[in-house]
Amino acid sequence: MTSAYNCSAPPDSIEPYGDIAGLGVMYSYLITGWMVCVLAFADIQLFTGLALLISGYAMIPKGLSSYHWLLVVQLAWFSSLTHLSMLSFLRNYLVNNPKAMRIRGFFTFPLGAMLMVGFIFTGFFDWERPDNKPSQYTRCHLEGPSMDIKSEVCQFMIIRVLLLVYSYAIRAAKMRLGCDSTLRGKAKGFALHSFQPKLMVRVQRLTRMNSPKTPLKTLAQKENMIETLWHL
């Protein structure tokens, strides 16, 4: 951009000025704005889940029905899953900003703990029994007969709790620097040595590499195929 100008003879077109309107500058603005939006959305989901669960726990002594408690837990689970998905997207940002990671972890794990206890409560809601109805108070379910481990409701509750614990544990591990690549490498190695034949058949079908001209002979080629399947 020139430093001389003449007000009586303005230029016919706008001269490029990379320091203000360059492609890299515009990308930086867009990426920063997008990151702020994702952070705001993740925080909204986090506090929405906390508000739902705190309100639900507060209403149990006041006669909250088991049906409404189940809705509270499911809505909070949806908010928690959305928040955890955002954490996966933001893990590089959080690793580079330890203070922000600690603040979010301070609220995230209480949400997971309350959600897990809420799921355990649903193991008592065996509505197929004649003395157990959705309109029954949640507190009466907890003070009634013990949980039937063999019931379908209890088994489904156990699966939910295990999925919840796994999702929080894997997100917590990925927040540590270098742990993501370590987990990925171990999972890839386990798949390579344990499920190699089935994986290779599937990879060859998906990538159209089952031609006789391109046999997968070397270990490096097999690892590349496993890496391809890992990202599918």
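Heads up, the Cβ atoms here are built off N, Cα and C, so glycines get one too.
TrEMBL annotations:
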TRANSMEM  20-42  transmembrane segment
TRANSMEM  49-69  transmembrane segment
TRANSMEM  75-94  transmembrane segment
TRANSMEM  106-125  transmembrane segment
TRANSMEM  153-170  transmembrane segment
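The transmembrane segment (49-69) makes contact with the transmembrane segment (75-94), as judged by at least three Cβ pairs under 8 Å among residues 6 or more apart in sequence. Residues 35, 38-39, 41-42, 45-46, 48-49, 52-53, 56, 100-101, 104, 108, 111-112, 114-115, 118-119, 160, 164, 167-168, 171, 174-175, 180 of the same chain lie 6 or more positions beyond the ends of the transmembrane segment (75-94) yet place their CB under 8 Å from a CB of it. Residues of the same chain lying 6 or more positions beyond the ends of the transmembrane segment (20-42) and with a Cβ under 8 Å from any Cβ of it are 82-83, 86-87, 89-90, 93, 104.
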